[in-house]
Amino acid sequence: MEAIEELSELSEAMRQAAAVLADEDVDETSSSSSKRPSTFLNVVALGNVGAGKSAVLNSLIGHPLLPTGENGATRAPISIDLARDSSLSAKSIILQIDNKSQQDRLSKGASGRSRDEIYLKLRTSTAPPLKLIDLPGLEQRIVDESLLREYVEHNDAILLVIVPAAQAPEISSSRALRIAKEYDSEGTRTVGIISKIDQAASDSKALAAVQALLLNQGPPKTSDIPWVALIGQSVSIASTQSGSASSDNSLETAWRAESESLKSILTGAPQNKLGRVALVDVLAGQIRNRIKLRLPNLLSGLQGKSQIIQDELVRLGEQMVTTAEGTRAVALELCREFEDKFLQHITGGEGNGWKIVSSFEGSFPNRIKQLPLDRHFDMNNVKRIVLEADGYQPYLISPEKGLRSLIKGVLELAKEPSLLCVDEVHRVLLDIVSAAAKATPGLGRYAPFKREVVAIASVALDGFRTEAQKMVVALVDMERAFVPPQHFIRLVQRRMERQRREEEVKNRSSKKASDAEQSILNRASSPQTGGQQQSEGKFEGNLKSLKDKFSKKEKDVPPAPPEGSALKTAGPGGEITAGFLLKKSGKTNGWSRRWFVLNEKTGKQSLLQLGYTKKQEERHFRGVITLE
């Protein structure tokens, strides 16, 4: 236990050194979150459902804190931050839980599964100062690759591979061992634990496999991992809970009894790999190895950082920072650097600077478009407001008072999107302040001054937000209070312009229809022939039969002509004078559709002619057929 405490002090010193190298404030990172950051003292338990992970961790803690059971009592990741307090008795613990919901989830009666971590802080005199993480059984659905990576991939986390003694012969197929090898191929931060030895005491095959693992004579995957055999909490915790264990040394006595029991079961196993005390020593050894690997790089980085600071002192002048004027000059220089970084984010769009433009050009117009304007400009609502717009300002042409009321109500809706835009820009500016402070190299060397600069900037932004909100409300109120008369003048002008355009369209349509009708009448009465060209087709019948035929059809209800074309009448008696007929061609011997017009030429001898064109719009006949 003493070795663990010494390693804890060394680990904390290395964490602070790493924060210095990263230009981070150690006090800020410690106070910003109640949870301990990733250190060499993190221990993650891996194992299948029923492997005894929680029992092993309870043995390390010395108290039955975690729920245990054969069917997966751990339903969510549980993180326990242990702190050693020698002033407490062996039976006393001080447990801190963030809220009641986590307490309910920790209890055995809590149902359901969640990926959210349950975080506990525990002070006791029996536990080493470690951070223990109890993951759910690897077979459970919530334990996926992302959850494992979150806890296992940190280089300084010790991995506890927990396997029941009954499954020792099949250790090569253990998923927990496979995951540990995936993230720690060299085995420098992995510890193997064989649990529930007492339950396999009568299984000679299982005991032989356990002894081979403890002697590093197991499968190749296991030879580079230190292994420890445990009974679990069945001895230590049960002895603590019994009435005979009344002294503060009862836990140590129970752990020694566990070691003796293991020696009697595993007669050929090394003595230094049996029991809870052996587990603590193996953990201390693995943590020491990890610190040794990291220490040279850390020392090299600190030396480089020290040289940078020395060069900075030479640049500023060693006497400058020892006087009030020198300190003020350094502070002003750092403030100018921070201001430059802040302006780069805003004007250059670095970091979150683009979000300011997005707030004005994206979010704000979208919120304006989502306003219920249709409800305010609904015809029924407009009628209601116009009918209520009486009083000392009666209207003749435009209901000015009612329209003013309608416009004021709509402008009032613009206040909420405008205020939301101010709040959104304020949040973006706060993020830019933090980002600019981190991007200023000089501020990283003076962490308290950095915190003060961020705090002052945040207070200033809060004041600017309040002023901006007042200005936005005042601008909207000004627009509501004064609706210019030009608005109503333009309203009447637009209405008159719309009526004028509608009249023009209507007159244009009427004129077009009249011209088309006159053109048809002119063509029917006196078409212009393109010459006395004889038709090569043949036409059977005479004018009388043609007139009788069409007159009979008109008396009945005739079907529509082909392709929607109607027969044209222009005679005083409603005679048919023009229409589409089928004409047989002399060249192709086929029938084609042509427009025929009946024409009577007067002169020395009255002559009836039937002229035709290919289309109704043509002005010259393509051929003329003389009728007898």
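Quick reminder: no glycine exception, Cβ is built from N, Cα and C everywhere.
Look at TrEMBL and you will find 37-296 tagged as domain 'Dynamin-type G'.
Annotation source TrEMBL lists region 'Disordered' at 496-573.
Summarising the annotation, TrEMBL assigns compositional bias 'Basic and acidic residues' to 496-515 (among others). Across the compositional bias 'Basic and acidic residues' (496-515), the DSSP tally of helix, strand and coil residues reads 20 helix, 0 strand, 0 coil.
Among the features that TrEMBL reports, compositional bias 'Polar residues' is placed at 516-536.
The compositional bias 'Basic and acidic residues' annotation in TrEMBL covers 537-557 (among others).
Taken from TrEMBL, the feature domain 'PH' applies to 574-628.
With DSSP classes pooled into helix, strand and coil, the tally for the domain 'PH' (574-628) is 0 helix, 33 strand, 22 coil. Per-residue confidence over the domain 'Dynamin-type G' (37-296) averages out at a pLDDT of 78.
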